[in-house]
Amino acid sequence: MNFMELLLFVLSMLLAVAFLTVAERKTLGYMQRRVGPNAVGYYGVLMAMADAAKLLLKEMILPTHADKFMLIMSPMMTLMSALLCWAMIPFGPGITIMDSNYGFMLALAMGSVGVFGSLFAGWAGNSKYSTIGSMRSTAQLISYELVLTTVILICMLLTGTMNTSRYVELQESMWLVVPLLPLSLMWFMGCVAECARPPFDNVEAESELVSGHMTEYSSSMFVLFFLSEYASMLFYSTLTAILFFGGGTGLILGLKANFFAFTYIWVRAATPRVRYDKLIAMCWIVFLPLLFALALFMPSLIYIMDGYTFME
């Protein structure tokens, strides 16, 4: 993939994120029995452009006692982390920016760097709301990264590969969600928590922390955090489609990823926020023990399924 193709991919990703926000607002509107955006452009589709113009034209205010260098670098670090994850995604046979034998682990490793962005943003803002939000963010993201990593390791035990392209090929006969349905549900909940999306949006709980680690941000710096959140949501939706639903090429993969992205929105509209201590306890007391037990059971499952599924 040359530089122009890479640049086109990044711009396409940012454009997809922009229109995902419009889709979210329209979906929430219909679920709450109202219209949603409908004035800017045909059916409100240009609302994303209007929002972007509004945010970028605002003044960027840096607090007097803040660490200005870290305050500016943190959102850039978070967005870069969210975009680098896409290097491991197979969009078709041979269409991968970086085809590695450790693709899944590298994707999660790149995504985990975003934790530092939110941590540094909370510290640099010199605000109690930012600090509490960054501490919540760090604890929540690190906890649920363990859940996602354990789920991927269990899937790798069953398929015998960490290469994302090879992984898609092995699901041609049967999607992995069939034998591992409980695991896929834990994976999805872990993805929602990892993206800090409702009902697990304790990182920026408006009623408690104003806007969490983003409290002191405005204008273009806030846009970078906003883009990174939705880019991560699209990435984990695509990874879910690959990990449990056979992936696909081009349009098929896009349709599957869009379905899971809309599932995030439906969950947001239908569920109240989970209390923070309950969220962390669910990870350490419920999910991780269950996943470790399933990892111990996996050799028996491989023996039972040997001969007519993924094992070759």
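Our numbering is plain: 1 for the first residue shown, then up by one each step along the chain.
Every residue gets a Cβ built from N, Cα and C, even glycine.
Noted in Swiss-Prot for the protein shown:
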type: TRANSMEM; residues: 3-23; note: transmembrane segment
type: TRANSMEM; residues: 37-57; note: transmembrane segment
type: TRANSMEM; residues: 69-89; note: transmembrane segment
type: TRANSMEM; residues: 104-124; note: transmembrane segment
type: TRANSMEM; residues: 141-161; note: transmembrane segment
type: TRANSMEM; residues: 173-193; note: transmembrane segment
type: TRANSMEM; residues: 233-253; note: transmembrane segment
type: TRANSMEM; residues: 279-299; note: transmembrane segment
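Highest Cβ pair count under 8 Å relative to the transmembrane segment (233-253), across stretches 3-23, 37-57, 141-161, 173-193, 279-299: 173-193. The list of residues near the transmembrane segment (104-124) in space but at least 6 beyond its ends in sequence, with Cβ under 8 angstroms from a Cβ of it, reads 66-71, 73-78, 80-82, 84-85, 87-89, 98, 130-135, 137-138, 141-142, 145, 148-149, 152, 156, 162, 164, 167, 194, 203, 212-214, 217, 225, 228, 232, 235, 239, 243. When each of the listed stretches 3-23, 141-161, 173-193 is scored by C-beta pairs under 8 angstroms to the transmembrane segment (69-89), 3-23 comes out highest. Packing against the transmembrane segment (141-161) from elsewhere in the chain are residues 101, 104-105, 108, 112, 114-115, 118, 167, 170, 176, 179-180, 183, 186-187, 190-191, 193-194, 196, 243, 280, 283-284, 287-288, 291-292, 294-295, 298-299, 301-302, 305, 310-311: each is 6 or more residues past its ends and has a CB under 8 Å from a CB in it.
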